[in-house]
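To start, the structure under review is shown below, and the notes come after it.
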Amino acid sequence: MTALLQTHDLTLAFGGLVVANGINFSLEQGERLAVIGQNGAGKTTFINICSGLLKPRKGRVIFAGRDITAQSPRKIVRQGMARSFQLPQLFLEHTVRECLQLSAVARAESLSSWSSLAGGSNAVEIDRMLDLISLRDRQHELCINLPEGQRKLLDVGMSLLLQPKLLILDEPTSGVSTEEKHGVMEILMRALDDQKVTAIFVEHDVDIVKRYATRVAAWISGAIAADGSPASVLSNPLIQREVLGE
Amino acid sequence: MRSLLLNTAAVVVIIGLAMAFPWLKLPLILSLCYGLAALGIVVLLKAGQISFGHAMYACISGYVVAFVGHRFPGMDGVLLIALGTLASVVAGMLIGAFVVRYREIFFGMLNLAISMVLFTVLGKFYAVTGGTDGLRINRPTLLGFELTRDPFEIALLVLVVAISLAAIWGVQRYFLSSSGQALAAIKTNETRLEYLGVSAKKVLWKGYVLSASLCGLSGSLFGLSQGLVTPEMGYWLRSGEFVFIAILGGAGHAVGAFVGAILYEFLKMYAAALVSGSWQLVLGAILIVIIYFLPKGITGLMNRRKRLIGGAA
Amino acid sequence: MSRDIFILAMLDGMSYAGLLFLVALGLTFIFGVVRILNVAHGSLYAFGGYGAASLGLWLGQGSESAVASVLLLVTGAIAVGIVLGTVLMLLLRQFQDRDPILQLLVTFGAFMIFEDLQRMIWGTQPYFVADVVNQMGTSELLGVVYMNYQLLFVPGAALAVYFLLKWFLNSTLMGRQIIAVTHDREVATALGINARRIAYLTFVVGAVLGALGGALASPTTSLVPGIGADMIVLSFAVVASAGLGQITGALITALLIGLSRSFCVYLAPEFEVVMPYLIMVLVLLARPQGLFTVVQARKI
């Protein structure tokens, strides 16, 4: 079975700082990959290159069999790779429901200057997603009023409505209070299972990683230092020293 | 139902005023023209952008009406209006294709610069454009009827009122449409829109063409009512007036632009009557006061009251 | 193009560029520090010009001293700059934390007010007070006779102001503080710099520069209503082409626009007034941040 996402010799440097050091990587469908590493190790750079925000100096990104290197984020999204952001990117003057509707309309490419936003999207589908991310009771509120955890869920919900093949989550629980973290992750994982989406998530919290990832890749200085099952990577002494700081 | 009542009331009031005070016809026509142009600005405000050059579309439209009217003296006024507006739509499509790559201050500046190129060209090429004196537009027939001045103005007023109502209805509908909502999303998070797979530039371009069309429509109606087009119609001060009115009325609802325009025109008249030659001073002061107390304009006030009373926005 | 015409065009262009630079400098300086595009800058130009003309008329024509006339112009400009600059600063302080677009509209409202005030004070008849030009006499350069005022004084004044401002910003404490506030207002405040006072100072300096431009232009221009509106959009072309806040850049684009305009006068007169805006459009299309601004990468 061909890999969903592959990178070949991905290289990028900012001045003297090497943020991607010839990364060769492969992801299969159905995996839940956790990306860990210290700040500045290159994890965010990696996902930014994959999702089109950054262009590599060298190397290729192959997604679902197609070379998407240096394509615009918009084109990459259209091919089935969506992402959520460390700082949730929402439409702050719109309501929760409207944000989801915009996502649905965007996926269906049914932007119309005539029919309403509600008319361009399937109400049942929106309701279902609202239930999935547990925001049904707040659907008519402006999303600027949501607390951080729920903003994250909405951000992911918007990306999920795009029905992507691969969803990249950039630190889904950062900024979320410790009590809420597991709740948020439970909801997220349930939503991912429901939609059968392959996922990469960048995470700092080891407990989250242990519990929800099927595979872990650890970054050190722009390269993958360890890649394998959560148990093996997290018990690796190099990783424990350099990444987890133990 | 309520809006139908309000619309009918507004129409009755306007036509009634025009009948009762015949000298009010022209100011009313001009107000509504300004309202149409300001509505064009409001469309862009939805996307969080301001153009300081949109008077150029009114200008292009007006001059096309003048040129075509000279070349084909028998052409009907309604057709002239259509052609003038079409010219500004085409111009908007072409200029828009370049301009939508820019945002905020750069968007504003580029529109300003292009409008100033047009303005200076119109002023200098006397032989073709009549220079700073402008071009006369002779009174054409309207829907086949040849009219003397008074009936012409009444007919034009009715036409402008009808067009304004259609514009309010159409544009408000556009605001509530998925395209209009995507336009509004550009203001708050354009990046996110791109990450939903939507081309923000395309969405903005559509909005830009709409705004240029509205300014163009305003220009041809304006030119016909004045019987004259001058480069002043495209000067940056005129663009500034459109922005002023848009801010005054607020971007909350399409009707705001017209409320702002009528208020603007009547404040102008009132100030001029009080202290001659001081309307700019009065209006300048009012603009500052409005920005201080009502940054969302008059429709912002209306929306605030609606939200306090209850119901989803 | 004959050699004489070429020389005339060059000198004309440089003189005009000098005036443009002085006015544009005030505009770009204010923007650079307090991030406000001051539409009312045009009024400073106009009031500077009218004020200088009035002073000249009031203190009597027939004086032979060019030095006295120049002192008069400069004093008038400083007075106008301080008064109007303070008024504008006080007004804008009420809108300190608002959207920059709203701040710009406030300056537009102020401009409207000043336009009418100008009309009320000086009327609509043209003013033309050119004594100082005559007092300075003429020179001959490469076979062409030229007025010293345009040839030497205006460009000289522009350059002098440029170097003075550069020295002030780089070598004095207050100048360094201004640079600090320009880079990062918050950090500057954290370092103990009184950002409010710096902002006020900047505004007054910028205003004085605008008024000075008007004052120096008045002996060679007919002062009529509307010159403020024309000058603000023209100086805007200079500033936007250079990049908002670029001081040395503004000098160069002022030269570019001044020279292209003066050459047009002799080669293609219809395009004379179009040139500045054509240049602005071309620059903005190619480099929206202006010719001399270095783009900062944006972080997500």
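The chain as shown is numbered from 1 upward.
Heads up, the Cβ atoms here are built off N, Cα and C, so glycines get one too.
Taken from TrEMBL, the feature transmembrane segment covers B:28-45 (among others). Within the same chain, residues 14, 17-18, 51, 54-55, 57-58, 153, 156-157, 160-161, 163-164, 167-168, 171, 174, 183, 207-208, 210-215, 217-219, 221-222, 225, 241-243, 245-246, 249, 251, 254, 256-258, 260-262, 264-266 sit at least 6 positions outside the transmembrane segment (B:28-45) and bring their C-beta atoms closer than 8 Å to a C-beta of that stretch.
The transmembrane segment annotation in TrEMBL covers B:52-72 (among others).
According to TrEMBL, the transmembrane segment annotation covers B:78-100 (among others). Cβ atoms under 8 Å from those of the transmembrane segment (B:78-100) belong to residues 56-58, 60-62, 64-65, 68-69, 107, 110-111, 114, 140, 142-143, 159, 201, 204-205, 208-209, 211-213, 215-217, 219-221, 223-224 of the same chain, restricted to positions at least 6 beyond its ends.
The transmembrane segment annotation in TrEMBL covers B:112-132 (among others). Remote same-chain residues near the transmembrane segment (B:112-132) are listed as 51-56, 59-60, 63, 95, 99, 230-231, 234-236, 239 (criterion: CB distance under 8 Å, separation of at least six residues from the stretch ends).
Below 8 angstroms of C-beta separation, residues 7, 11, 14-15, 18, 25-26, 28-29, 32-33, 35-36, 39, 42-43, 78, 139, 142, 145, 210, 214, 217, 221, 224-225, 254-255, 258 of the same chain, each at least six residues beyond the ends of the transmembrane segment (B:152-171), sit close to that stretch. Annotation source TrEMBL lists transmembrane segment at B:152-171 (among others).
Residues or ranges marked as transmembrane segment by TrEMBL: B:242-264 (among others).
Annotation source TrEMBL lists transmembrane segment at B:271-294 (among others). Here the transmembrane segment (B:271-294) has long-range neighbours at 244, 247-248, 250, 264, 300-301, meaning same-chain residues at least 6 beyond its ends whose C-beta is under 8 angstroms from one of its own.
If you look at the transmembrane segment (B:52-72), the same-chain residues 6 or more away from its ends with a CB under 8 A from one of its CBs are 37, 40-41, 44, 80-81, 83-85, 87-88, 91-92, 108-116, 118-119, 122, 129, 135-138, 140, 211-213, 215-220, 222-224, 229, 231, 233-236, 238-243.
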